[in-house]
Amino acid sequence: SNHISIGSFCSVLHIELKYPLLFSFSFCKIHTSNSESPMASLAAVSSNLFNGGCLWKYQDELKVSKAGKLRIRVTSMASSSPAQSLQFADGKANRLDKLRIGVLGASGYTGSEIIRLLRNHPHFQITLMTADRKAGQSIESVFPHLVTQDLPNLVAVKDADFSAVDAVFCCLPHGTTQEIIKSLPTNLKVVDLSADFRLQDIAEYEEWYGQPHKATALQKEAVYGLTEISRRAIQSARLVANPGCYPTSVQLPLIPLIKSNLIEIRNIIIDSKSGVSGAGRGAKEANLYTEIAEGIHSYGITRHRHVPEIEQGLSEAANSKVTVSFTPHLMPMSRGMQSTIYVEMAPGVTTQDLKDHLGNCYEHEEFVVLLKNKEVPHTRHVRGSNYCLMNVFPDRIPGRAIIISVIDNLVKGASGQALQNLNLMMGIPENLGLGCLPLFP
């Protein structure tokens, strides 16, 4: 076809599709080379062109036969990410060359969660882990549950060899990340899990975080990584600012509704609750078991640092300034997050309209699920997974609706979404390494 070009040396390429309507090569270009070993790549096709990973989901239904020596590389026309290739020998796929991953701040909760998820990733291998206060120690001495993993020892950031990695997850506290990322080689792909690059307005960053931004040029380059909303921009990014947990749970349901003018942008009330792991692993008196157990702890009232991040995303969706009322609460559980959101519907709009629109918006998304009928999302149903479950309910007050959204704050709210983003940046299906089902009970 006009969209596929194969060198004249190629003898035979036969692809049999059991589900032909799921695939369209009109989005792809194929390059060939007779100077390399036989290989073929289907994984590099950008997953957003295949409904969030359908190509990979149905790869078992693909049968590839070859004659002669052939190298094929498939890349997404919509992405500038480097193409990856699958090895084929005698018609059977081997594994991709491993991409070398660094985890900065590996001794924290998000760092350990990155390690757990990468254990199941077919193409990423951890070759560098940093933790300044734990430098020289093995990872099992910090996290005994990782004793079975063959991982490098922890090193200080200043001693890290970044020539030995292709991409890094930065899991350091806010305020410490900017200068470190600024000093990294510019060829590295970076996903930053801190708040340092989330706010586009550096003056707003200084207002809410109490210090000036130290990497203003990088801030202009950073892409905000709410995966399902900003997929195309993430694909071509070098630096992605991974969203906060609360903003993820809030923006996923609200942004599509605001963009479609189905809800009013005034009087949005957000009541959010998080497990204690959201406060990090540092020793803090307020997070002691006896301080947290058997109670609910409201904090950051009117001044939580996720407020400007939430309002930034909603304002961009509305093309107008949006101000919300947001109150977070710490719950006596290790992980999990629920946002209960109260909204005023636009004139003539019903709660069924909100449900229908969210259903259509996320119909082909693997990790965002709108529940059926009157099913209520619960945090225990997403524990340990990258899922966001949501549903819409009519309020007793006419014209208002209640939206409930739940995530695991350490996975979809942090490390899982970070991995989803790096997959996109590397041009491979975004669901790789994220197939863990929720833990229950």
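Including glycine, each Cβ sits where the backbone N, Cα and C put it.
As annotated by TrEMBL, domain 'Semialdehyde dehydrogenase NAD-binding' applies to 100-237. In terms of DSSP helix, strand and coil, the domain 'Semialdehyde dehydrogenase NAD-binding' (100-237) has 56 helix, 24 strand, 58 coil.
What TrEMBL lists as active site is Cys245. There are 28 other CB atoms within 10 A of the CB of Cys245 (active site), with all protein chains counted.
In this model, the domain 'Semialdehyde dehydrogenase NAD-binding' (100-237) carries an average pLDDT of 95.
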